[in-house]
Structure formats: structure tokens, C-alpha cells
Amino acid sequence: MGLFNVTRPASFLLTGIPGVESSHPWLAGPLCAMYAVALVGNAVVLQAVRTEPSLHAPMYYFLSMLSFSDMAMSVATLPTVLRTFCFNARNIAFDACLIQMFLIHCFSMMESGILLTMSFDRYVAICDPLRYATVLTNKVISGMGVAVTARSVITLFPFPFLIKRLPICRSNVLSHSYCLHPDMMKLACADITINSIYGLFVLVSTFGVDLLFIFVSYVLILQSVLAIASREERFKALNTCVSHILAVLAFYVPMIGVSTVHRFGKHIPRYVHVLMSNIYLFVPPVLNPLIYSAKTKEIRRAIVSRFHRLRM
């Protein structure tokens, strides 16, 4: 018998928000609006960085990576979410579910890595500004982008195979309107210890380590800023970090909330779990372009200039 010759359903059934199925068509409107903001907002940021010479700098290259990751995350979840809420089309093929699971986890991990590289950018800019241009060269930035992508792909490559080896015979109903590894492995009628241990290892060794280094970088940044004599200069230095801090909070706070609810909130209604998971996936792609457009005057100026040229 082959390694993957096990019992499994031909397809899974996705789930919207339990208990409010009759309201799903009404929820489709806000969901479409969120997807529109995420896709259009991040596309505008990418276009602004690509076409505006003043934005050809390390900080904005990292921002374009973040925008690409957010767009990819939205595209990966959009088909099944809108099919579930708009048309009550809940079926998804087994292999398609595996692909979506891999893409969602992959782009989520990429976003965490990009936020880490952005914290390094802020650390060098504030703590060692004279070497900023020599440290963060285009070659180094490209290497960091490749490393973040390679880490995500290599680390998560085993996930589909860890699922395919499991016999799934309890049910074929998933808890969300998209596919996730923890959700799929819980349907197995076999020992899932390997899946659980590897999933925890991935969570701690990537997201956990990224968050730790982001925290350390801001401790060092704060020490450097407090050593500046001028209050105005201190405020100016910290102000360059506000957008990144808000992006980190928008990404990690929902993630920590989801992990806490899943681990300790077993008696909490299931719709709370679903809402928290949706917030974790949808909030960062929607908020990031708004945060950077509102808090970064160079981005705002480039966007306004771009629309002005399009109207002429």
C-alpha cells in the first residue's frame, strides 16, 4: 500500500459563520468591499513605488513586498470565501484545498518575514544612519526578499504531504470558508501527533522568532532615540516607525488572538472562532495600504500625483 493510499474525501465542505447562515448574502457586500480595498489599495501602493523615482529606496521596496504579500493572500482566499457567502457553493476539491492551505500559510509567513526585514530597515536608519545606504543595497534587499520567500516555501512544503498521509473519515466539513492545516488535520481518524508537533515547530521557529527580533529591534531603536538630545529630533525619528508599528500590530494582534481563542476558548461559541480567524486573514491586507497612505507623506504624495496625471 502506498504512503498516500489512504481514505480521504473527494472534496471538503466549507463553512461560513455558524448560526447566521441566512445572513450570508448580506455579509457578502462588506466582504466584497474589504477585498476591493485590499486589492486596489495594495495595487496602488505597488504602482506608486514602481513609477515614482522618489520612492526607489529600501523602505519602500520592503513596503512593496508587503503589499504584494497582502494582495496574494487576498487572491488566495477570495474564490472560496465569496463562493461560500455569495452563492452558498461550499464544495472544494481535496487537492484544491491543499493548494489553498499551502498558499495561505505561505503568504502569511512571508508577511511575518517582511515585517521583520522592515524592522531591520528602521533599526539601521535610526541607529546607524551613516551606513544606511551601504548596508541596505539593492542586492541585499533582493537577497532578503528571496530568503523570506524561500523560508516560507521550504518550511511549509511538508504540510500538504502531512495531510495527504492521514485517513480522513470523521467528516469532510471544515470550520472556515477557506482551508487551513489545523482545521484539516482535526478531521483525521488517525494519530496527528506529527502534524501537531511540526505545526507548533513552524509557529515558534518562524512567527515567534520574527516577533522576538522585531521586539528586540525596537528596544534598540528606543535606546538610540532616547540618546538624541533634541526632543524634536526624537519625535521625528520615532514618527518614521509609526506605520511599521501599526502594521506589526495589525498582523500579530489578531494572530495572537486567534491562537489564544483556539487554545483556551474551547467553550466559546464557534462563530467567535470563525470571526477571529477571518479578522486575522482580512484585516492586515485591508489596513496596511490605508496605514501607509495615511502616515507616510511620500506615499500619499505619490498616489495623489499619480491620480492627477491620470485625470489629465
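Glycine is treated like the rest: Cβ placed from N, Cα and C.
Copied over from TrEMBL, here are the features:
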{"type": "TRANSMEM", "residues": "26-48", "note": "transmembrane segment"}
{"type": "DOMAIN", "residues": "41-292", "note": "domain 'G-protein coupled receptors family 1 profile'"}
{"type": "TRANSMEM", "residues": "60-82", "note": "transmembrane segment"}
{"type": "TRANSMEM", "residues": "94-120", "note": "transmembrane segment"}
{"type": "TRANSMEM", "residues": "140-163", "note": "transmembrane segment"}
{"type": "TRANSMEM", "residues": "211-229", "note": "transmembrane segment"}
{"type": "TRANSMEM", "residues": "241-259", "note": "transmembrane segment"}
{"type": "TRANSMEM", "residues": "271-291", "note": "transmembrane segment"}
Are there at least 3 C-beta pairs under 8 angstroms linking the transmembrane segment (94-120) and the transmembrane segment (211-229), leaving out pairs fewer than 6 apart in sequence? yes
Stretch winning on C-beta pairs under 8 A with the transmembrane segment (241-259) (pool: 26-48, 60-82, 94-120, 271-291) is 271-291
